[in-house]
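Have a look at the structure below before the remarks.
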Amino acid sequence: MVQSSIVVPTTGQKRTNDEEASNTQSPEEVKRPRIQESEAGQKRNKRLFGALLGTLNKFKDETEKNSEVDKKRQAINEKLHEKLERERAQLQESLRERREQKMKLAEEKLEKEKQLWQDKKERSRLQQDELLANFLKTTTQPALYYLPQRLTDSMENKIHYQKEQVLEAKRHFEGENSNDDPLTDNEEEKKENEKAKETEKDTDDSRFSEHESDGEEKETEASKSTIDKVEQEATTKE
(Lines of atoms letter the chains of each structure in order from A and count residues from 1; the text may use other names and numbers.)
(Lines give C-alpha, C1' and ligand atoms only; values in the text may rest on other atoms or scores of the structure.)
Protein backbone atom coordinates (compact mmCIF):
# COMPACT_ATOMS: atom_id res chain seq x y z
CA MET A 1 0.00 0.00 0.00
CA VAL A 2 1.55 3.38 -1.06
CA GLN A 3 1.14 6.35 1.23
CA SER A 4 1.02 9.87 -0.26
CA SER A 5 1.33 13.26 1.31
CA ILE A 6 0.47 16.74 0.08
CA VAL A 7 2.94 19.61 0.66
CA VAL A 8 1.55 23.11 0.78
CA PRO A 9 3.99 25.81 -0.50
CA THR A 10 4.95 28.52 2.00
CA THR A 11 5.19 31.32 -0.59
CA GLY A 12 1.49 31.84 -0.68
CA GLN A 13 1.31 32.22 3.06
CA LYS A 14 4.18 34.69 3.04
CA ARG A 15 2.56 36.69 0.30
CA THR A 16 -0.67 36.93 2.26
CA ASN A 17 1.20 38.08 5.35
CA ASP A 18 2.98 40.88 3.36
CA GLU A 19 -0.31 42.02 1.88
CA GLU A 20 -1.91 42.16 5.31
CA ALA A 21 1.00 44.20 6.71
CA SER A 22 0.85 46.67 3.81
CA ASN A 23 -2.88 47.06 4.27
CA THR A 24 -2.50 47.78 7.96
CA GLN A 25 -0.02 50.72 7.32
CA SER A 26 -1.48 54.19 6.96
CA PRO A 27 -1.08 55.97 3.59
CA GLU A 28 0.88 58.84 5.22
CA GLU A 29 4.35 58.14 6.58
CA VAL A 30 4.89 58.69 10.23
CA LYS A 31 7.22 61.71 10.66
CA ARG A 32 9.54 62.17 13.59
CA PRO A 33 8.52 65.19 15.61
CA ARG A 34 10.96 68.16 15.34
CA ILE A 35 12.87 68.78 18.52
CA GLN A 36 12.18 72.20 19.85
CA GLU A 37 15.60 73.78 20.55
CA SER A 38 16.13 76.51 23.04
CA GLU A 39 17.34 79.99 22.09
CA ALA A 40 20.78 79.31 23.58
CA GLY A 41 21.13 76.16 21.50
CA GLN A 42 20.17 78.01 18.35
CA LYS A 43 22.78 80.69 19.08
CA ARG A 44 25.41 78.03 19.73
CA ASN A 45 24.61 76.31 16.46
CA LYS A 46 24.76 79.61 14.59
CA ARG A 47 28.08 80.38 16.26
CA LEU A 48 29.51 76.98 15.31
CA PHE A 49 28.22 77.35 11.78
CA GLY A 50 29.74 80.81 11.51
CA ALA A 51 33.06 79.52 12.85
CA LEU A 52 32.97 76.71 10.32
CA LEU A 53 32.25 79.14 7.49
CA GLY A 54 35.06 81.40 8.74
CA THR A 55 37.49 78.50 8.79
CA LEU A 56 36.47 77.49 5.29
CA ASN A 57 36.80 81.06 4.01
CA LYS A 58 40.18 81.40 5.73
CA PHE A 59 41.37 78.16 4.17
CA LYS A 60 40.13 79.37 0.78
CA ASP A 61 41.95 82.69 1.17
CA GLU A 62 45.13 80.94 2.26
CA THR A 63 44.99 78.56 -0.67
CA GLU A 64 44.48 81.47 -3.06
CA LYS A 65 47.28 83.39 -1.39
CA ASN A 66 49.56 80.35 -1.52
CA SER A 67 48.72 79.87 -5.16
CA GLU A 68 49.69 83.50 -5.86
CA VAL A 69 52.90 83.09 -3.88
CA ASP A 70 53.65 79.88 -5.76
CA LYS A 71 53.07 81.65 -9.06
CA LYS A 72 55.42 84.49 -8.06
CA ARG A 73 58.01 82.01 -6.81
CA GLN A 74 57.75 80.04 -10.02
CA ALA A 75 58.14 83.21 -12.07
CA ILE A 76 61.21 84.20 -10.03
CA ASN A 77 62.67 80.72 -10.42
CA GLU A 78 62.13 80.86 -14.17
CA LYS A 79 63.86 84.26 -14.36
CA LEU A 80 66.77 82.97 -12.28
CA HIS A 81 67.01 79.88 -14.45
CA GLU A 82 67.07 82.00 -17.61
CA LYS A 83 69.71 84.26 -16.07
CA LEU A 84 71.85 81.28 -15.10
CA GLU A 85 71.49 79.84 -18.59
CA ARG A 86 72.59 83.15 -20.13
CA GLU A 87 75.55 83.42 -17.77
CA ARG A 88 76.56 79.83 -18.47
CA ALA A 89 76.32 80.44 -22.21
CA GLN A 90 78.40 83.61 -21.87
CA LEU A 91 80.97 81.77 -19.76
CA GLN A 92 81.21 78.96 -22.29
CA GLU A 93 81.57 81.49 -25.10
CA SER A 94 84.32 83.37 -23.24
CA LEU A 95 86.14 80.11 -22.49
CA ARG A 96 85.86 79.07 -26.12
CA GLU A 97 87.21 82.43 -27.30
CA ARG A 98 90.04 82.22 -24.77
CA ARG A 99 90.96 78.72 -25.92
CA GLU A 100 90.89 79.83 -29.55
CA GLN A 101 93.04 82.85 -28.71
CA LYS A 102 95.55 80.66 -26.85
CA MET A 103 95.68 78.22 -29.74
CA LYS A 104 96.14 81.07 -32.19
CA LEU A 105 98.95 82.58 -30.11
CA ALA A 106 100.60 79.17 -29.78
CA GLU A 107 100.40 78.64 -33.55
CA GLU A 108 101.80 82.12 -34.20
CA LYS A 109 104.62 81.50 -31.74
CA LEU A 110 105.41 78.15 -33.33
CA GLU A 111 105.36 79.68 -36.80
CA LYS A 112 107.60 82.53 -35.64
CA GLU A 113 110.08 80.11 -34.06
CA LYS A 114 110.05 78.03 -37.22
CA GLN A 115 110.69 81.12 -39.33
CA LEU A 116 113.53 82.18 -37.03
CA TRP A 117 115.08 78.75 -37.31
CA GLN A 118 114.80 78.86 -41.12
CA ASP A 119 116.35 82.34 -41.19
CA LYS A 120 119.19 81.24 -38.94
CA LYS A 121 119.78 78.19 -41.10
CA GLU A 122 119.76 80.30 -44.26
CA ARG A 123 122.20 82.82 -42.76
CA SER A 124 124.61 80.09 -41.77
CA ARG A 125 124.38 78.61 -45.27
CA LEU A 126 125.05 82.01 -46.86
CA GLN A 127 128.04 82.55 -44.59
CA GLN A 128 129.40 79.16 -45.57
CA ASP A 129 128.81 79.88 -49.28
CA GLU A 130 130.54 83.24 -48.88
CA LEU A 131 133.61 81.52 -47.49
CA LEU A 132 133.58 78.73 -50.07
CA ALA A 133 133.16 81.21 -52.93
CA ASN A 134 136.91 81.95 -52.66
CA PHE A 135 137.67 78.39 -53.74
CA LEU A 136 137.15 76.23 -56.78
CA LYS A 137 135.25 72.98 -56.57
CA THR A 138 135.14 69.77 -58.52
CA THR A 139 132.17 68.70 -60.58
CA THR A 140 132.07 65.26 -58.99
CA GLN A 141 130.01 64.49 -55.91
CA PRO A 142 130.79 64.98 -53.13
CA ALA A 143 132.39 68.23 -54.27
CA LEU A 144 135.97 68.95 -53.25
CA TYR A 145 137.11 72.56 -52.79
CA TYR A 146 140.63 73.57 -53.76
CA LEU A 147 142.67 76.66 -54.57
CA PRO A 148 145.63 76.42 -56.95
CA GLN A 149 148.76 78.40 -56.24
CA ARG A 150 148.49 80.11 -59.59
CA LEU A 151 145.11 81.10 -60.99
CA THR A 152 144.29 81.43 -64.63
CA ASP A 153 141.95 84.08 -65.98
CA SER A 154 139.10 81.60 -66.24
CA MET A 155 139.65 80.52 -62.64
CA GLU A 156 139.65 84.11 -61.42
CA ASN A 157 136.50 84.84 -63.41
CA LYS A 158 134.82 81.79 -61.94
CA ILE A 159 135.73 82.80 -58.38
CA HIS A 160 134.53 86.33 -59.05
CA TYR A 161 131.26 84.97 -60.45
CA GLN A 162 130.80 82.77 -57.37
CA LYS A 163 131.29 85.77 -55.08
CA GLU A 164 128.77 87.81 -57.05
CA GLN A 165 126.24 84.99 -56.82
CA VAL A 166 126.68 84.76 -53.04
CA LEU A 167 126.38 88.53 -52.59
CA GLU A 168 123.22 88.58 -54.73
CA ALA A 169 121.67 85.78 -52.68
CA LYS A 170 122.64 87.58 -49.49
CA ARG A 171 121.08 90.87 -50.64
CA HIS A 172 117.92 89.06 -51.68
CA PHE A 173 117.69 87.34 -48.31
CA GLU A 174 118.23 90.55 -46.37
CA GLY A 175 115.66 92.35 -48.53
CA GLU A 176 113.02 89.72 -47.80
CA ASN A 177 113.68 89.83 -44.06
CA SER A 178 113.58 93.63 -43.94
CA ASN A 179 109.82 93.52 -44.69
CA ASP A 180 109.15 91.17 -41.77
CA ASP A 181 108.41 92.11 -38.22
CA PRO A 182 111.50 93.78 -36.75
CA LEU A 183 111.13 91.72 -33.63
CA THR A 184 111.87 88.55 -35.59
CA ASP A 185 115.20 89.82 -36.97
CA ASN A 186 118.30 89.37 -34.84
CA GLU A 187 116.32 88.95 -31.65
CA GLU A 188 119.31 87.57 -29.81
CA GLU A 189 121.39 90.64 -30.61
CA LYS A 190 118.57 92.93 -29.55
CA LYS A 191 118.16 91.05 -26.29
CA GLU A 192 121.88 91.33 -25.64
CA ASN A 193 121.77 95.05 -26.36
CA GLU A 194 118.82 95.48 -24.01
CA LYS A 195 120.65 93.55 -21.29
CA ALA A 196 123.72 95.73 -21.82
CA LYS A 197 121.60 98.87 -21.55
CA GLU A 198 120.00 97.59 -18.36
CA THR A 199 123.40 96.81 -16.82
CA GLU A 200 124.65 100.28 -17.80
CA LYS A 201 121.56 101.81 -16.25
CA ASP A 202 122.09 99.83 -13.06
CA THR A 203 125.72 100.91 -12.88
CA ASP A 204 124.72 104.54 -13.46
CA ASP A 205 122.11 104.30 -10.72
CA SER A 206 124.62 102.77 -8.35
CA ARG A 207 127.14 105.48 -9.18
CA PHE A 208 124.50 108.16 -8.68
CA SER A 209 123.56 106.67 -5.32
CA GLU A 210 127.25 106.54 -4.36
CA HIS A 211 127.66 110.20 -5.33
CA GLU A 212 124.60 111.08 -3.31
CA SER A 213 125.91 109.22 -0.28
CA ASP A 214 129.30 110.94 -0.68
CA GLY A 215 127.57 114.31 -0.90
CA GLU A 216 125.53 113.59 2.19
CA GLU A 217 128.66 112.55 4.08
CA LYS A 218 130.41 115.74 2.98
CA GLU A 219 127.43 117.82 4.07
CA THR A 220 127.34 116.13 7.47
CA GLU A 221 131.10 116.67 7.89
CA ALA A 222 130.72 120.35 6.93
CA SER A 223 127.85 120.83 9.35
CA LYS A 224 129.87 119.17 12.11
CA SER A 225 132.85 121.44 11.42
CA THR A 226 130.66 124.56 11.51
CA ILE A 227 129.10 123.42 14.80
CA ASP A 228 132.58 122.86 16.27
CA LYS A 229 133.67 126.32 15.14
CA VAL A 230 130.64 127.96 16.73
CA GLU A 231 131.27 126.13 20.00
CA GLN A 232 134.91 127.16 19.98
CA GLU A 233 134.00 130.82 19.39
CA ALA A 234 131.47 130.67 22.21
CA THR A 235 134.06 129.25 24.62
CA THR A 236 136.66 131.89 23.67
CA LYS A 237 134.16 134.70 24.27
CA GLU A 238 133.38 133.34 27.71
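Don't overthink the numbers, they just go from 1 along the chain as shown.
Using N, Cα and C of the backbone, Cβ positions are placed for all residues, glycine too.
Residues annotated as compositional bias 'Polar residues' in TrEMBL: 1-14.
Residues or ranges marked as region 'Disordered' by TrEMBL: 1-46 (among others).
According to TrEMBL, the compositional bias 'Basic and acidic residues' annotation covers 28-42 (among others).
Annotated domain 'Pinin/SDK/MemA protein' per TrEMBL: 41-164, in sequence order.
Residues annotated as coiled coil in TrEMBL: 74-127. In the predicted model, the coiled coil (74-127) has a mean pLDDT of 92.
Under the heading compositional bias 'Basic and acidic residues', TrEMBL lists 166-175 (among others). Counting only same-chain residues 6+ beyond the ends of the compositional bias 'Basic and acidic residues' (166-175), those with a CB under 8 A from a CB of the stretch are 122-123, 126, 129-130, 133.
Under the heading region 'Disordered', TrEMBL lists 166-238 (among others).
Summarising the annotation, TrEMBL assigns compositional bias 'Acidic residues' to 177-187.
Here TrEMBL flags 188-212 (among others) as compositional bias 'Basic and acidic residues'.
Among the features that TrEMBL reports, compositional bias 'Basic and acidic residues' is placed at 220-238 (among others).
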